[in-house]
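The following features are taken from TrEMBL:
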{"type": "DOMAIN", "residues": "124-229", "note": "domain 'DUF7146'"}
{"type": "DOMAIN", "residues": "236-325", "note": "domain 'Toprim'"}
Amino acid sequence: MARHDASELASRLGRNAEAVCRHYLSSGHRAGRYWVVGDVQNRPGRSMFVRLTGPESGKGPAGKWTDASTGEHGDLLDVIRETLGLIDFKDVADEARRFLALPHPEPERTRTPTGRTSSIAVGSPEASRRLFAMSQPIGGTLAEIYLNGRAITSLFGTAALRYHPRCYYKADEHSPTEIWPAIVASVTDLHGIQTGAHRTWLAPDGSGKAPVESPRRAMGDLLGHGVRFGVAGEVLAAGEGIETVLSPRQVLPHMPMMAALSAAHLAAILFPATLRRLYVLRDRDPAGDDARDSLVARARSVGIEAISVSPMREDFNEDVRWRGIDALRATLMEQLHPDDVHRFVEG
């Protein structure tokens, strides 16, 4: 895989300029083709303009900005550096990759079942597709046992989830490789093309997550995409975590839903052209509140009806585990559009 140098990272950020601005320049707002804010340190005001649309190179590329009061200008890597107070470019690049969910640039040569080596980068979309293809349906596996233990017993429409009995795990680049069973989720774009994967490593008996430092990790190209359950039409429900989204699906198995995998990525999901009503499955924490507010504002700005749906506890999985399916159904029915109560709610 080609090295993601400064130019490539800036270009990738430029393709997602509005999402970058909403995250790092949250004191500003969109004004036509620009994001307007006080300055590159994210102060309120109207002096700095970030171009949200344009070519990736040449005249007027997306992501370039100018501060009219100081004459300063730069790209979105400069925005990340200044808003976070970073000094070393490595730290800036790491933060940009974290936001974009890009793999680190060093490819690892991995050994295939035939004994030959492959130079597919660990964490790349290609590696994600290969991992998902090597996994199996979750029925009758530890993945099903784990989900059942999380009060997720109806697995209708969960083809995006698979099970891998021997999924590699490394705490960091200096640690030995461990092998644990895992749920592997396919991350896809609006056209159904897999761009990434999410892994949840499990305990050997499926009773919980594996006893490792980071039992959940994503890989590949995630920004704007998600783990999809059903095909979005006029209605879509979107939330952060897979279990958070699968919990309302116990009551609404025919409503299309997607898990964006984090609050920042939830705020930046891409909208299907057919979408008319979006339910935002909120987590009750500050990051969840920010993601909800940002996503609702984005949806309404393009004419999509956006409805925030809140759990009684911290998230919807806690609701179904501690309050039960009937209480969850009642919570959802109170917040759904009347048309969707009749259309989607299971009796």
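Along the chain as shown, residues are numbered 1 onward.
Any Cβ shown, glycine's included, is placed from N, Cα and C.
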Secondary structure composition of the domain 'Toprim' (236-325) [DSSP: H/G/I, E/B, coil]: 37 helix, 17 strand, 36 coil
Tally of DSSP helical, extended and coil residues in the domain 'DUF7146' (124-229): 18 helix, 41 strand, 47 coil
